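Novice: Before I ask anything, let me first share the structure, which is written out below as structure tokens.
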Amino acid sequence: MLSDIPMNRLQYIYILIGLATILVSGWRINISIFYQYFMNYYGINNITSISLSLVISSIVAMFSSSFLGMLYDRKGPSAPLYIATLMQFFSAFIVWSMRYYPWDKSMWLWYIGGAMTGFIFPALVVTINPTIIRMFYTKPNIALAIVQSGNYLAQSLWSPLIPKLIVYLDPFTTLSLLSIVSAIMIAICSKFYSDIKIKHSSSQNISQNQPIPRLFIATLIPIFFIATSSTMLNSFIAPIIIEFCRGFNIDENTISLIYIPMVMGVAGILQCIGAFAWGFIARHIGVLKAFPLLYIFQTISTFMILVLSRIDIKAIIIAIWLRYLMFGGEPIIHMMVIPTLFGQENLGKLLGLQTSSVMASLIVAPLLGGIVRDLTGFYIFTIFTSAIFSLIATIIATVIVLFRHRIEYIYVL
């Protein structure tokens, strides 16, 4: 019985369960691996029609985040996780049936499945993360970094496995199988988290009717721009690697079986390192100083990819890895803004609002990135667009830090 286990030991059990759930469900980070297989299977050359599923998923996630956050505050962690479990199961069967129809029909199934998965990511964000923050309310940075490392380790775990599964099975069976496995893991997490009792910190809490500082609203703007930049790269990372490798006359088999798994696998490990590194940095210099500093490094590394694009494939890969190293600190810094400024009461609701900003970026990024590629014919222009968004985020974040003491409170309905 969990109730018989000492609380300090229980805390680490909850961390491991949260880590395992995010790790297993994190295969969707590598969803771009499937894009080329779908293009080949259906004989299409338009990436936007495929990536539109991610846009639909993000639209649903943007609107579901606040609802799931409030549901967490009122009913606890299990309710949002049960919803995520059901949606994951249903999406598995929808994707399975895509194989029997041409693209003009199966794309609607692909979009419906995308809409269902729009409940999954926000459910994990607004339940696992605030629960860990509240359990380790004095020093949540490292505990949160451990849990979030599941997202980055997932990239290292699944990026080499998914191509092999597709070869042995097929893209549709692989997607369905991964969906079912992650649904089972989310259900297990929901069961473990169902009896958890959460304590709120007493300082800096805001109730439902109190004003929300303008600083919180202001921070959502650079978060949107930097998340758009990162998602634009991450959504198309597999075809981006293919384009760079083809430019250096590397054969297709080597690209798919060596370069893509290597780049994405190492990127996942580097994101994990970045999460811990920026957790320590935020602890020492403060979250509000850390987040524009993080953006500066992300902007520099994105422009480095552009500068090195015609020089050497190894140099390009190193620049991509540097960008992912910086990307690893992004969720940690963003999530720590809320308890730093507002305490832990209504943490699920506020994280839901912040997640909505990130979800808005997930709508813009794959759509804009896909359109840019389809109009120009090259992903290098998608990377350039990502770099511009990162630069805008850096400028806004820097202004917020410099002038944060002049910002007054406003009411948010």
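All residue numbers here begin at 1 and follow the chain in the order shown.
Glycine residues also receive a Cβ, built from the backbone N, Cα and C atoms like all the rest.
The domain 'Major facilitator superfamily (MFS) profile' feature in TrEMBL is assigned to 215-413. According to TrEMBL, the feature transmembrane segment maps to 12-38, 50-72, 79-96, 108-129, 141-162, 174-194, 215-237, 257-281, 293-311, 317-338, 350-372, 378-403.
Relative to the rest of the structure, where do these features sit?
Specialist: Within the model, the domain 'Major facilitator superfamily (MFS) profile' (215-413) carries an average pLDDT of 84.
Outside the transmembrane segment (12-38), and at least 6 residues removed from its termini, the chain residues within Cβ reach (under 8 Å) are 2, 5, 44, 47, 50-51, 54, 88, 117, 120-121, 124, 128, 131-132, 135, 143, 146-151, 153-155, 157-159, 162-163, 166, 171, 174-175, 178, 181-182, 185-186, 188-189, 192-193, 196, 234-239, 242, 260, 264, 268.
Within the chain, the transmembrane segment (50-72) has long-range Cβ neighbours (under 8 A, six or more residues past its boundaries) at 31, 35, 38-39, 44, 79-80, 83, 107, 110-111, 113-119, 121-123, 125-127, 130, 235-236, 348-353, 355-356, 359-363, 366-367, 369-370.
Within its own chain, the transmembrane segment (79-96) is flanked in space by residues 25, 68, 71-72, 109-110, 112-113, 116-117, 119-120, 122-124, 126-127, 172-173, 175-177, 179-180, 182-183, 186-187, 189-190, 193, which lie at least six positions past its ends and keep a Cβ under 8 Å from the stretch.
Same-chain residues lying 6+ beyond the ends of the transmembrane segment (108-129) with a Cβ under 8 Å from its Cβ atoms: 18, 21-22, 25, 28, 50, 52-61, 64-65, 68-69, 72, 77, 80-81, 83-84, 87-88, 90-91, 94-95, 97-98, 101, 144, 147-148, 182, 186, 189, 193, 335, 348, 351-352, 355, 359.
Remote same-chain residues near the transmembrane segment (141-162) are listed as 11, 15, 18-27, 29-30, 33-34, 128-129, 132-133, 135, 174, 178, 260-261, 264-272, 274-276, 279-280, 282-283, 328, 331-332, 335-336 (criterion: CB distance under 8 Å, separation of at least six residues from the stretch ends).
Among residues of the same chain six or more beyond the transmembrane segment (215-237), those with a C-beta under 8 A of the stretch's C-beta atoms are 29, 31-32, 35, 47, 51, 54, 263-264, 267, 291-292, 295, 298, 302, 320, 323, 327, 330, 334, 337-338, 341-342, 350, 353-354, 357-358, 360-362, 364-366, 368-370, 373, 379, 382-383, 385-387, 389-390, 392-394, 396-397, 400, 404, 407, 410, 412.
Sequence-distant neighbours of the transmembrane segment (293-311) (same chain, 6+ residues past either end, Cβ-Cβ under 8 Å): 222, 226, 229-230, 233, 244, 247, 278, 281, 285, 319-320, 322-323, 325-327, 329-330, 333, 380, 383-384, 386-387, 390-391, 393-394, 397-398.
Same-chain neighbours of the transmembrane segment (350-372): 47-48, 51-52, 54-55, 57-59, 61-63, 65-70, 72, 118, 122, 125-126, 129-130, 216, 220, 223-225, 227-229, 231-232, 235-236, 334-335, 337-338, 342, 381-382, 385-386, counting only residues six or more beyond its ends whose CB sits under 8 Å from a CB of the stretch.
Through the fold, the transmembrane segment (378-403) approaches residues 215, 218-219, 221-226, 228-230, 232-233, 236, 239-240, 243, 288-289, 291-292, 295-296, 298-299, 302-303, 305-306, 309, 368-370, 372 of its own chain, all at least 6 residues removed from its boundaries and within a Cβ separation under 8 Å.
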Novice: Six or more residues out from either end of the transmembrane segment (174-194), which same-chain residues have a Cβ under 8 Å from its Cβ atoms?
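Specialist: For the transmembrane segment (174-194), the far contacts come to 2, 13-14, 17-18, 20-21, 24-25, 27, 34, 76-78, 81-82, 84-85, 88-89, 91-93, 95-96, 120, 123-124, 127-128, 131, 158, 162, 165-166.
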Novice: Would you kindly list the residues that approach the transmembrane segment (317-338) from elsewhere in its chain, counting only those six or more residues past its ends and only Cβ-Cβ distances under 8 Å?
Specialist: 129, 133, 140-141, 144-145, 148, 151-152, 216, 219, 223, 226-227, 230, 233-234, 237, 241, 259, 263, 266-268, 270-275, 277-279, 281-282, 287-288, 290-291, 294, 297-298, 301-302, 304-305, 307-308, 347, 350-351, 354, 358
Novice: Given a Cβ distance threshold of under 8 angstroms, which distant residues of the chain, six or more beyond its ends, lie next to the transmembrane segment (257-281)?
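Specialist: For the transmembrane segment (257-281), the list is 29-30, 33, 141-142, 144-145, 148-149, 151-157, 159-160, 163, 237-238, 241-242, 245, 250, 290, 293-294, 317, 320-321, 324-329, 331-333.
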